[in-house]
Amino acid sequence: MLCIRPEALVLLGALLTVPLDPVGGQDALSLTWEVQRYDGWFNNLRQHEHGAAGSPLRRLVPANYADGVYQALGEPLLPNPRQLSHTTMRGPAGLRSIRNRTVLGVFFGYHVLSDLVSIEKPGCPAEFLNIHIPPGDPVFDPHKSGDVVLPFQRSRWDPNTGQSPSNPRDLTNEVTGWLDGSAIYGSSHSWSDELRSFSGGQLASGPDPAFPRQAQDPLFMWTPPDPATGQRGPQGLYAFGAEQGNREPFLQALGLLWFRYHNLCAQKLAREHPLWGDEELFQHARKRVIATYQSITMYEWLPSFLQQTPPNYTEYRPFLDPSISPEFLAASEQFFSTMVPPGVYMRNASCHFQMVLNESYGSFPALRVCNSYWIRENPNLNSAEAVNQLLLGMASQISELEDWIVVEDLRDYWPGPGKFSRTDYVASSIQRGRDMGLPSYTQALQALGLNTPKNWSDFNPNVDPQVLEATAALYNQDLSRLELFSGGLLESYGDPGPLFSTIVLDQFVRLRDGDRYWFENTKNGLFSKEEIAEIRSTTLRDVLVAVTNVSSSALQPNVFIWNEDSPCPQPQQLTTEDLPHCVPLTVIQYFEGSGPGFGITIVALCCLPLMSLLISGVVAYFRSRERKKLQKRGKESVKKEADKDGVSAMEWPGPKERSYPVSIQLLPDRHLQVLDRHLSVLRTIQLRPRHRVNLILSNNLGRRTLLLKIPKEYDLVLLFNSEDERGAFVQHLQGFCASCALGLDIDEMGESELFRKAVTKQQRGRILEIFFRHLFAQVLDIDQADAGALPLDSSQKVREALTCELSRAEFAESLGLKPQDMFVESMFSLADKDGNGYLSFREFLDVLVVFMKGSPEDKSRLMFTMYDLDGNGFLSKDEFFTMIRSFIEISNNCLSKAQLTEVVESMFREAGFQDKQELTWEDFHFMLRDHDSELRHTQLCVKGGGGGVGVIFKPDISSRVSFIIRTPEERSSPQGVRLPASEASELGGPVLKKRFGKKAVVPPPRLYTEALQEKKQRGFLAQKLQQYKRFVENYRRHIVCVAIFSAICAGLFVERAYYYAFVSPPSGIAETTFVGIILSRGTAASVSFMFSYILLTMCRNLITFLRETFLNHYVPFDAAVDFHRWIAMAALVLAILHSVGHVVNVYIFSVSPLSLLACVFPSVFVNDGSKLPQKFYWWFFQTIPGMTGVLLLVVLAIMYVFASPYFRRRSFRGFWLTHHFYILLYVLLIIHGSFALIQLPRFHIFFLVPALIYVGDKLVSLSRKKVEISVVKAELLPSGVTHLQFQRPQGFEYKSGQWVRIACLGLGTNEYHPFTLTSAPHEDTLSLHIRAVGPWTTRLREIYSHPMGDGYARYPKLYLDGPFGEGHQEWHKFEVSVLVGGGIGVTPFASILKDLVFKSSLGSQMLCKKIYFIWVTRTQRQFEWLADIIREVEENDHRDLVSVHIYITQLAEKFDLRTTMLYICERHFQKVLNRSLFTGLRSITHFGRPPFEPFFNSLQEVHPQVRKIGVFSCGPPGMTKNVEKTCQLINRQDQTHFVHHYENF
């Protein structure tokens, strides 16, 4: 073991204590002694830490804790502290000290205690021994509520103690345990430096040199509020070496005394030694002041206090432990409390006792103690002379009697803790004793070898028997329970009792003899014997005389004792009656006044998403307006041209409907046309010669309204901008009527009456509904009650309308066709027998009867008559050609004249009429001989026709077209639509491979029907179980990954929550805000993990690479974007919970006292006694975590709202820009946690690895996407589709179905948009088909509409990033795959189909044996470019791998006469050219929406050996949801398993 000689330790102590920056050589030579440290270290060379600041108290008697370790004793074993104080220590003031001890001696004792010990600092984590106030307490519970609790926080303890009964808790002494002037100079070098002026060796003074400067940071003086006035802050408090040196003016006066004495000594030394520098002067003055302080305390004050002379000093005893004991603290402090008077006199040197001013109550003979605690800028002590008068007054005033009574100024009006302005000093002292684990009174006597009383009667006979009896009753007559504090006071009378005297004397002797720096120790080199004798002869009177400049005769020789011959006797012993009343208790409500602001702040934070939504709405509005401007740009010239011949106005459609702009055109053929703002014809009104035009004008409200009455139709109501515009139109109309020989009647009425008189379209619609209801009631023999009764109304306009004749437009609308269609014109002309341009009820009924009840011959004759345009009884080839052309109009198709001629010739040739130029009705009916059943079921489908009209149409098995029609039963059935026979035949057995023109060798099988009949019906629970099993099977990889990720997040949450709830380092935060800290810290860990690893879901290059590895069998990399959204939403929920947790925290922290917050946040708060916590807005807006948290909520609100699907569809650029806020998000997240308010930063633990991977992935993309790529070809296709063909970069490898991100240099280099490649991997160039649906794609179409140069320079270049993978790449992993594309969502399948056929032509081995491609489009012309690709696939598909079904949804979904004829023509066209009349393809063409459930059901029967079928859909959300729902429905059955992948556009 290494041994160190004492001399070496002395040298080490000298090196550590002597300043290293002397002013000069003379200075260095002048400090010939070892300078004493400020923190108490090395005062004892054997035990360096003895007496050091922060060292524990050392017990004289073993601890007395309830558990033997740290838990304090309390009720019911010991009495209530307040009850004990009120019962035992209560008594009248004004009892004079028996020994004539002065008040100066009492407060000098308090000053000595502040130099020796300080345990007022609360411990951490906060522990409370609250004092419960008995109900009805006159001071603290005058209203008898019974729920008043005075908070008492336990003191700071040594963390190395309190572990076991052999090592019980010991409190920590915050100051040095030596009598070394720490109350004057501070207990640390830094504290002393703050007190010094560093000039002339003096302590720093304020504007008045007699006063030190005021307390300020970083000098943490104790600054509680004034309990009398509530004044707060350091203003008016002085900087002393003792933290609580400003507690009372009396203690403050003693601090000022020693401050001035030090500066006096420094000034004297400076005069004597002019060459000394500041450090020498300061250290010499400090040395002399400390020695004088030690001498006065030990040899003048202590004997007067104990009435005992301490033993003579012999030598320094290094083996003696001088540490302060808790018993000494209790004995001395509590004995002083009995001597404190209710007031303190002030006098001058001539013995004149001053009247003191009380701002509230006037003048009084003395300062009231209870109203002087922590007083700021006392008007009675605003000068050095006033302080001198207070010191002289204390020297002349005799203290209270040394007994058990404590004045009410301490007992009831001591400065209170927390939100209480007052507390009970005695009760708090009792609790402090229990906190320190003080022994009982009898245990202390026994331990110190003193006589122990046997019973209660053995106490001091001077004790009031009633007090003794009451005390015994509180302790249940058990003397062994009597506490040290109570017993010590009860045994004292006039002088401290044996116990207190023994404890105090022992402590001071140990302090003296164990201190190496004691002034009488001649071996330390501090003083010579002459100097020691001089110091011993210096008394406090000498100090007072030197400082106050009063005559020595104005003070008695011993200022701690007043004798009869002493000068300036006090006027009288002060009582409470002579003084102002104590300011009563007040309770501070920390949150008072903060409620509205706190609520508004929370509401504002909750409204952040709404504010973001409002901003997004404004952005979407402007983007929509911009898009409309782009769309209108091409129509402006047309509109201007139309405005030349038309009149602009607003049409009023009816009440509670918005008016809309229209343009009125008057045509020479007596027609009035109403056009919308897109110049589309809304309505055509035919004005007949024998009709008079009725015009009604408004004569009020601006005279700008006009009503045009139209017989047998709804009226036209126009609103003009002004009367002049209306007048111009009326003149124009008058001229038009005159030129067309039309009569015009003009009338005027009020505008409101005009509106009531008008027959609106809505009213006309109700009349037509009744018209059709009764029409079908007569045709189909429906009961009148079922048809509905005609409404009876006396209104003239309704009676006129009930004559009800249909116009050509209404007739066309009822058939779902256009008025200008040839079919409409032919049918209308045929039915309009009287030729008046309208169909009456009877005329329509005659035609309807033929369709509803007529034979096939009647129907064909009707068709023949309709198209016999010249009425000669023959149908020429030209008329037949016209008929076919009218059929084609239904699909908006435009076949060439040659194609139509070929169709007509083929039909004539098929019927054997190739040599005829005209057909009779018999010939025409013969041509339809194969379609007798179709004609039999043909009806005229009318809107509003009621039930029973539509009948399923079942064409021949070799048909390439089908109609999807719903019967009423099907409309109400859950399965929706039946499978047409064309589909059943297409999917059935060997017929599946038949081409048109070839006859089937077997009858068409009814696979779909038979399969339904054979299916086993399961119960509801069984179906749900099967559906669940299929869901798990489909998404097992997704479920496992989500479960693992969720488990990690949950684990992080639980770990942090458990840590802070139970095993965190003792800071007290869990006890302060248990729910808030668990919620906030648990969610913080999970959110940190989520926001870190969400970056991996956006590492597109890494995902594309990994999906080609074996990991793709376990991780669904194609669901990265969905997983990204899921993480984002989960993180959002947890972020909200995190915010809620912090809202709880902020509220709790805003109502928690500063002492508690200083424990929870030691790096932020310092407990200076000011009590008040920070307001809520400080936490929100003035801290780094709070401010960054609010900013994070703002960023999240913007990012999430702008990332919503709704907004992305309206402004992709807004989404693109706001999503780049993620950089700001991560910066704020890092800053948010870096403040380490509760824990050390942990975000980097989660963030570092994903961030590095993400940055690497972005660098890979950056290296690619900054290469300019030339566009080879640009085509503008119908339906707003732009086809771009561009160079394929070198080394660019991709797979069919993948997508890329492009930026157009002409539109900005930073805005990238994702599009699916429509080129195949084997092609030399890349191609995209981009539909103009937003501003960016619309501008892209504009840019590429006009070439700018020659060659590759003709078009703006592109930046390319990708390729990236999607789930559609897995089509080849299934034996049977179904591809469903809707709208622009067909783009991935264009690449897949081309790739499939290419691989098939090369004879590549593929698992996939059959692909069904379902294309859903409004019209076959919508995406003609895809038709070309399908045509190419059909030409190269020699192995019949692909079966294409095209669903045209815009066709009339009615089985009427014209669609029947259309089907017949389609069939003949297929026979001739083996391709569709509409698309030119061999694909199956359907009119209607795809019936997914029957289609998938039939696939199970067609491919019974296949157990798993892949379904890949891409398109609008509605379509993909239907596919997903169908797959889930079929997966309930224990048959083929349908695995669905989808992507929404």
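Backbone N, Cα and C atoms are what each Cβ position is placed from, and that goes for glycine too.
Among the features that Swiss-Prot reports, topological domain 'Extracellular' is placed at 26-601, 1059-1074, 1149-1182, with the record citing sequence analysis. For Asn100, Asn312, Asn348, Asn358, Asn455, Asn549, the entry in Swiss-Prot reads N-linked glycosylation site. Residues or ranges marked as topological domain 'Cytoplasmic' in Swiss-Prot: 623-1037, 1098-1125, 1204-1220, 1264-1545. Residues or ranges marked as Ca(2+) 2 binding site in Swiss-Prot (evidence: sequence analysis): Asp868, Asp870, Asn872, Glu879. The annotation domain 'Ferric oxidoreductase' is assigned in Swiss-Prot to 1081-1263. The domain 'FAD-binding FR-type' annotation in Swiss-Prot covers 1264-1370 and rests on sequence analysis.
Only residues 6 or more beyond the boundaries of the topological domain 'Extracellular' (1149-1182), in the same chain, are considered here, and those with a CB under 8 A from a CB of the stretch are 121-126, 151, 153, 220-225, 232-233, 417-419, 588, 590-591, 594, 597-598, 601, 1067-1069, 1072-1073, 1189-1190, 1236-1238.
For the pair Asn549 (N-linked glycosylation site) and Asp868 (Ca(2+) 2 binding site), the C-alpha distance works out to 140 angstrom.
According to DSSP, Asn312 (N-linked glycosylation site) is assigned to coil rather than to any helix or strand. When the glycosylation sites Asn100, Asn312, Asn348, Asn358, Asn455 are ranked by how far their Cα is from the Cα of Asp868 (Ca(2+) 2 binding site), Asn358 comes first.
Ranking the recorded positions Asn348, Asn358, Asn455, Asn872, Glu879 by Cα distance from Asn100 (N-linked glycosylation site) puts Asn348 first. With a cut-off of 8 Å between Cβ atoms, the residues of this chain six or more beyond the topological domain 'Cytoplasmic' (1098-1125) that come close are 1035, 1037-1038, 1040-1042, 1253-1254, 1257, 1260-1261, 1298, 1361-1367, 1369-1370, 1541. Here the C-alpha separation of Glu879 (Ca(2+) 2 binding site) and Asn348 (N-linked glycosylation site) works out to 136 Å.
Beyond the topological domain 'Extracellular' (1059-1074), the same-chain residues lying 6 or more positions past its ends with a Cβ under 8 Å from any Cβ of the stretch are 124-126, 1081, 1144-1145, 1148-1149, 1152, 1156, 1159-1160, 1162, 1238.
Distance from the CA of Asn312 (N-linked glycosylation site) to the CA of Asn455 (N-linked glycosylation site) is 37 Å. Each of the recorded positions Asn100, Asn348, Asn872 was scored by the other Cβ atoms within 10 Å of its Cβ; the lowest score goes to Asn872. Of the candidate recorded positions, Asn312, Asn358, Asn872, the one lying closest to Asn348 (N-linked glycosylation site) when CA atoms are compared is Asn358.
The least crowded of the binding-site residues Asp868, Glu879, judged by other CB atoms within 10 A of its own CB, is Glu879. Straight-line distance linking the Cα atoms of Asn358 (N-linked glycosylation site) and Asn312 (N-linked glycosylation site), rounded to a whole number, equals 47 Å. Note on Asn312 (N-linked glycosylation site): other Cβ atoms within 10 Å of its Cβ, all shown chains, come to 6. Helix first, then strand, then coil: DSSP counts for the topological domain 'Extracellular' (1149-1182) stand at 15 helix, 0 strand, 19 coil. Its Cβ taken as reference, Asn358 (N-linked glycosylation site) is surrounded by 18 other Cβ atoms within 10 Å in the chains shown. When the topological domain 'Extracellular' (1059-1074) is classified with DSSP, helix, strand and coil residues number 10 helix, 0 strand, 6 coil. Taken together, the residues of the topological domain 'Extracellular' (1149-1182) have an average pLDDT of 86. Straight-line distance linking the Cα atoms of Asn312 (N-linked glycosylation site) and Asn872 (Ca(2+) 2 binding site), rounded to a whole number, equals 154 Å.
DSSP assigns Glu879 (Ca(2+) 2 binding site) to a helix in the three-state reduction. Secondary structure at Asn455 (N-linked glycosylation site), taken from DSSP and collapsed to helix, strand or coil, is coil.
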